[in-house]
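> So TrEMBL has the following annotated:
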- His551: active site, proton acceptor (ACT_SITE)
- Lys147, Gly211, Asp413: FAD binding site (BINDING)
- Gly276, Ala277, Ser278, Tyr279, Val280, Ala281, Leu282, Glu283, Gly371: NAD(+) binding site (BINDING)
- Cys138-Cys143: disulfide bond (DISULFID)
- 1-62: domain 'Glutaredoxin' (DOMAIN)
- 92-429: domain 'FAD/NAD(P)-binding' (DOMAIN)
- 449-561: domain 'Pyridine nucleotide-disulphide oxidoreductase dimerisation' (DOMAIN)
Amino acid sequence: MIFSKSYCPYCNKVKELFRSMRVEYYALELDVTDDGPSIQQVLAELTNQRTVPNVFVNGIHIGGCDATYKAYQDGSLQKLLGDSKDVEPYDYDLIIIGGGSGGLACSKEAATLGKKVMVLDYVVPTPLGTSWGLGGTCVNVGCIPKKLMHQAALLGQALQDSRKYGWQYEEQVKHNWEVMVEAIQNYIGSLNWGYRVSLREKSVTYLNSYGEFIEPHKIKATNRKGQVTYHTAETFVLATGERPRYLGIPGDKEYCITSDDLFSLPYCPGKTLVVGASYVALECAGFLAGLGLDVTVMVRSILLRGFDQEMAEKVGAHMETHGVKFIKKFVPVQVEQLEEGMPGRLKVTAKSTEGPEIHEGEYNTVLIAVGRDACTRNIGLDTIGVKINEKNGKVPVNDEEQTNVPYVYAIGDILEGKLELTPVAIQAGKLLARRLYGGSSTKCDYINVPTTVFTPLEYGCCGLPEEKAIEEYGKQNLEVYHSLFWPLEWTVPGRDNNTCYAKIICNKRDNNRVIGFHVLGPNAGEVTQGFAAAIKCGLTKELLDETIGIHPTCGEVFTTMDITKASGQDISQRGC
C-alpha cells in the first residue's frame, strides 16, 4: 500500500521500484481524494511521518522513498514481499550482460560473496565477419593486442638504435606480419580460455548468447545456432561495452576495416589510410608505420579530442617527423574497390571541411577509427524502461552505477560521462558487487584516473588537461610547470633531442596542488602510474620538489621542474 500524491516525483520513484520488482501495489493518491488531508493527518499520528510517499508492506510500515530504497538495497523489502505467494523466485541473484573486463570482475566478485551468477557474452561479427572469444574489447581487439603490436614497432626502432651501441649484423631485417599476428592471437586465445576456467571455478554460469530483456527481470538468450533460453534474475548489470562507429558513406562497411578487424588480419595491410584522430587512430597509425608500412592519417578537426591539446600536437608532430603523413581538415565521402586481394586496392574520395576541395588517394587498406557507440540499443532496454542517451546509446547512472530502473546497473564504457578505460570498468564492477552483496559502501572514484596513449612516443596523463583546468579554475589561479627532456638511452643513437616533454598543472589557490600531470616520452605509462598514486594523495609542487629523483630516468624530470610556461624561458634540455 502506497499513500501517494500524483505529482510527487518521490512517490513516482517508489511506484517504479515496485513495478520493476513485478509487485502489484495499490496507491491512494491523497491529492485527488476528498478526505486526503485528513488521511494524511491520521498517517502522521500513526507513523510520525508527515510526508509522502508513505509505504506499507504486508501491514508493516516501511517509510518514505529513502527508507523504501534502503530496504530494497539491504534485502529486507524483498524478504517482506517474499512472504507473498505472488512473488516467484528468480533463477539467479545476478545476471551480467557482457563478458568484458568489467562484467567478468563483477561476476567473480559476486560469486565469491555467495551469489548465484550468470554471465552472457556474445560478439556480433563485424561486417567482414571478424569475431572473438570471452574477455571483451580490451583483451581481444583493444589494449592487449594494441600494446603488443606497439612493442613490435618499438623493437624495430631498437634494432636501428642497436648499431650505435655496437651491435653488428649483416642479415637484412624485415617484419613478418603473419608471424606477429599468429603469436598475438595465440596469447589472446590463452586468455580467453583462462577467463572461461576462472568463471567455472567460481561456479558462474557462462552462456555464449545474446541477451535481450523481454519483461522486467527476464531476458531471452539466443546462441549462435538460434537456440533460445529464458532466464530471470533479481538484479542485472549491463556491461555490453562499445563497438567502432562507421562513417555511413558508400563503401565503408564493404571495403574498410576497424580495430575490431585489424589485430587478427591474416595479411599485412600494406599502404594504409587511417581515418580519425582518436587515440585508437593514432596508436594504430603509429605501430603500422613502425612496422615499416606507408601510413596516412586523415583528420577531420583536432587530434586526441578531450586530451591536453599541447601534448596532442606534440604527439602528431613526432609522428609526422617519423614518416606518418597527415591529411588535415578532410573527411571521406566514398570508398571504392579498384582491385580485390589480401590486401586489395581501394580508392578514397574525401572532401574538405573548409571548402569545395576534393582529395583522392589509393590505398591497400582503409582503417576507420572515428569513435565508438555503446551496445545498448538492441538489448530490450526500452521494454523495461531503462533510459539511454538517444544520441550515443550511453546509459545515465547515479553515483552507484544504478540506472533509472532500480534493479538494473551499468558499468564500463557504456556509462554516460565516465571514462572509457578497462581498469575503471574492473574497479567499478568489483565495488558494485561488494555494495550489492558484501555490505560495502565504497563507490568507484572516477577522478584523477591515469591513462596512456601508446603512440610511437607515448603520452601519459592523469588529472586535467590544461584547457579544462583553465575552464574550471581560471588561468590566473594556475601555475603550469614544464620541461623538455632527452632520455639518456636516446643520446648515443642521436634520437630526437628536445622532443620528450613533461608538464604539470598546479592550483595556486590550493597549496599548488597538482591537478594535471602530462608526460610525453618512452615508458610514459609506467611513469604516469607511479605519480597517479601521489596525485590521489594530494600531491603538491612542494612535495615534488622535496622528492629525490632516480638518476638517470625519465620520471626524474618531475622532481626538478622550475620553469613555468609564463616565464618564456628556454626549456631545452639542460643536462643528462
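Here the Cβ of each residue, glycine as well, is placed from N, Cα and C on the backbone.
Caution: TrEMBL annotation is automatic and unverified by curators.
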> Name the residues of the same chain, 6+ apart in sequence, whose Cβ is under 8 Å from the Cβ of Gly371 (NAD(+) binding site)?
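In sequence order, Pro244, Arg245, Gly276, Ser278 meet the Cβ cut-off.
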> Count up the helix, strand and coil residues in the domain 'Glutaredoxin' (1-62) according to DSSP, in that order.
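So the domain 'Glutaredoxin' (1-62) is made up of 24 helix, 13 strand, 25 coil.
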> Please report the number of other Cβ atoms within 10 Å of the Cβ of Cys138 (disulfide bond).
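Looking across every protein chain shown, the total is 23.
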> So of Cys143, Val280, Leu282, which of the recorded positions has the fewest other Cβ atoms within 10 Å around its own Cβ?
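Among the recorded positions Cys143, Val280, Leu282, the sparsest Cβ neighbourhood within 10 Å belongs to Cys143.
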> Given Asp413 (FAD binding site) and Cys138 (disulfide bond), what distance in Å do their CA atoms have, once rounded to a whole number?
11
> Just give me the nearest neighbour of Leu282 (NAD(+) binding site) among the recorded positions Cys138, Lys147, Gly211, His551, Cα to Cα.
Lys147
> Could you state the whole-number distance in Å separating the C-alpha atoms of Gly211 (FAD binding site) and Cys143 (disulfide bond)?
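That separation, Cα to Cα, works out to 25 Å.
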> For the domain 'Pyridine nucleotide-disulphide oxidoreductase dimerisation' (449-561), what is the mean per-residue pLDDT, to the nearest integer?
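Summing pLDDT over the domain 'Pyridine nucleotide-disulphide oxidoreductase dimerisation' (449-561) and dividing by its length gives 97.
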> Roughly how many angstrom lie between the C-alpha atoms of Cys143 (disulfide bond) and Val280 (NAD(+) binding site)?
10
> Measuring Cα to Cα, how many Å separate Lys147 (FAD binding site) from Cys138 (disulfide bond)?
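Their Cα atoms are separated by 10 Å.
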> Roughly how many Å separate the Cα of Val280 (NAD(+) binding site) from that of Cys138 (disulfide bond), to the nearest whole number?
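It is 12 Å, counting Cα to Cα.
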